[in-house]
Amino acid sequence: MESTGGAYLNTAAVTSPVGIARLLQMTFGCTTFSLVAHQGGFSAAYGTFCMFVWTFCFAITVFIIACEFTHLHGCLSLSWGNFTAAFAMLATLMSLTAAVIYPLYFVQVGCYPIGCEVRDFRIAASVFAGLLFVTYASEVFLTRAKPGQVTSYMATVSGLLKIVQAFVACIIFGALVNDSQYGKYVATQWCVAVYSFCFVVTVVVVAFSVTGKTALLWFPFDRSVVIYTFGAVLLYASAAVIWPVFCFDSKYGSPRRPGLCAKGKCPWDSQLVIAIFTYVNLLLYVLDLAYSQRIRFVSHL
């Protein structure tokens, strides 16, 4: 019976360093959203986002552990190595965002008016949220591709950067819809088109990698990704020049924040956020292009 069980169950899924990291992710994630749901509380879009992050990451982590422990991932039409690497990077970014947002909006030093018990629960939830981020970052560190190693694309620096690029693009989109007034000029509409095109293609690249369908394409996937990344660098470089000019030059916009602009509802603030993250994504695409010259990957790992 033991030999038969050994053939079906993969104990390394919970005893290896990566497996232990995932068990800690499951523990810290469950603890975090339980503390918030029980007594800490949440409200508004920020609190709902944090709860979504913790429950979503917990559910996917449990799914990954169960599949690896029982070898069921072999029955899925996924490139498992690409899927787990992509999720670990995405969960790292999402858990980091939640770990910053929740204490920023919900934790306070004094007890008034929420009460000391609620305050303590929120502080504890914030601590576990930080630990959750650390465990996901640890998995990324443990599973990333080593120099000269042939591995799944999403485990390479270039693959991980694709997740970060898409995440940063989502931040840009969030600022765009927050009364950024991007429709005033054709030039700023061009920038929106750049953000949208690069985001869609990046998501498509990730989707093909995770589903393991790259081998079915009639063109070389790795070379096409490098060509696209070069194009994305040029597109983002144009947006990095155009957006600040049409938003902060005195001829088209305002070089300084208007004094009467309401906090949280000021177009100038959204325009500044977009400008900052445009440069962030430009840098990410440049790094991606540099690293993509040196990687070798296979799609079925």
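Just so you know, glycine gets a Cβ as well, placed from its N, Cα and C.
Taken straight from TrEMBL:
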type	residues	note
DOMAIN	13-148	domain 'MARVEL'
DOMAIN	153-297	domain 'MARVEL'
TRANSMEM	44-66	transmembrane segment
TRANSMEM	78-101	transmembrane segment
TRANSMEM	121-142	transmembrane segment
TRANSMEM	154-177	transmembrane segment
TRANSMEM	192-218	transmembrane segment
TRANSMEM	225-246	transmembrane segment
TRANSMEM	272-291	transmembrane segment
Margin query: For the transmembrane segment (272-291), I need the partner stretch with the highest count of C-beta pairs below 8 angstroms, choosing only from 44-66, 78-101, 121-142, 192-218, 225-246.
Written below: 225-246
Item checked: Contact check, the transmembrane segment (78-101) vs the transmembrane segment (154-177), 3+ Cβ pairs under 8 Å, seq sep 6+ -> yes
Margin query: Under 8 Å for C-beta pairs, could you tell me which stretch among 44-66, 121-142, 154-177, 225-246 has the largest tally with the transmembrane segment (192-218)?
Written below: 154-177
Notebook entry, point to check: Looking only at residues six or more beyond either end of the transmembrane segment (44-66), which have a C-beta under 8 A from one in the stretch?
Noted result: 13-14, 19, 22-23, 25-26, 29-30, 32-33, 36-37, 72-73, 84, 87, 91, 94-95, 97-98, 101-102, 105-106, 129, 132, 136
Note to self: Per DSSP, what is the helix/strand/coil residue tally across the domain 'MARVEL' (13-148)?
What the structure shows: 113 helix, 0 strand, 23 coil
Margin query: Mean pLDDT for the domain 'MARVEL' (13-148), rounded to an integer?
Written below: 94
Check: Quick one: DSSP breakdown of the domain 'MARVEL' (153-297) into helix, strand and coil?
Finding: 109 helix, 1 strand, 35 coil
